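Visitor: Here it is, the structure in full.
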């Protein structure tokens, strides 16, 4: 089969797509009305260089930062440095491959057309593998979104404990039994949740959902200002954390160079260097003159430096605690000092608060690009991940979500798919 015929058939697959129930089975021809609807559903080409870098950094710098100190203790400081650098370089190469493959698609030459991640998969990947990868892609986004939701709720509950001495939730009982009764969390020194291992729907999760809805309803380019605030705040917080860590009485604790326990580190870093899902949407809405390679290098360099510093210095600040479910934030909260505890309260506002809407937007963009109705796309992009996060709120649920996301979905979407579609595109950029 010739390359020209392959492209023709693949392009036709973008026009007629199998979609979920309730979604349109054919892409409408561009009319004045449909173009107006599309401009409402998606953003325009208004994102500049530094705004794009902030967006990419915030997409990379997720809640796994709290896991870096115990991972440094478990895997070794040299392992952390090498894994961060290796995965960072690999991530940049995969990002460039994804953009190159995207530029080979026929609609890319038309500035009025958008190409989302799901479009790239359907164009280059033959069935039935395209359906499999589409499920993996959306599962990855939902797992990432869940990790933000879970950590935000846990931190806000810890803040409520500090202020009111109690945080409220609804007990869900065991198994399928739901006990609709209000419970009050208490201080649990060995747990990241005030409710310990109890299955509960915290009030913080409900209030968070209400706050995030208006921002998730915006487009990607509408969230640029929030990204600037998030990264400026993260830089200040990182400096305050390092100052606190080096002032600990046990600092510097010796860290192993390399150990045999590398799975947690590799899975978490793979989960963290996870910005492929945002690249097509960013390319669609960045100014045409903005360089892709320069944007990637700046964003990845910042994240590698900050995360490695927090991991190594944080690991040296405390006696080994990687066998518990404690993390950096639980350590800061248990310090008894106002400033460290305040930074934990500010972090979800600066980081998670600005990332959760973006992830919901990415899910919505890709579903609508695939022909889903606005109602169905919004449900799967927002309500579904929120409900799914409830069972994983207590105990080590956040750690399990991060590990599952890193091993099962992130490695496929952020590394395997870019290489696959680049090879299928049969060109070099």
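The backbone N, Cα and C atoms fix where each Cβ goes, and this holds for glycine too.
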Visitor: Using TrEMBL as the reference, determine which range in 123-150, 151-178 is annotated transmembrane segment.
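Guide: Here TrEMBL associates transmembrane segment with the stretch 123-150.
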Visitor: Pick from 20-38, 39-57: which range has transmembrane segment per TrEMBL?
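Guide: My reading of TrEMBL: the transmembrane segment range is 39-57.
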Visitor: Hey, which of 77-102, 295-322, 375-395 has the most Cβ-Cβ pairs under 8 Å against the transmembrane segment (264-283)?
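Guide: Most Cβ pairs under 8 Å with the transmembrane segment (264-283) come from 77-102.
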Visitor: Using a Cβ cut-off of under 8 Å, list the residues of the same chain at least 6 residues beyond the transmembrane segment (225-244) that approach it.
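Guide: Residues packing against the transmembrane segment (225-244) from afar: 51, 54-55, 57-58, 61, 215, 302, 306, 309-310, 313-314, 328, 332, 335, 337, 339-340, 343, 346-347, 350-351, 353-355, 357-358.
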Visitor: How about the transmembrane segment (295-322) and the transmembrane segment (77-102): at least 3 CB pairs under 8 Å, pairs 6 or more apart in sequence, or not?
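Guide: Yes, the transmembrane segment (295-322) and the transmembrane segment (77-102) are in contact.
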Visitor: Under 8 Å for C-beta pairs, could you tell me which stretch among 77-102, 123-150, 200-218, 375-395 has the largest tally with the transmembrane segment (342-363)?
Guide: 123-150
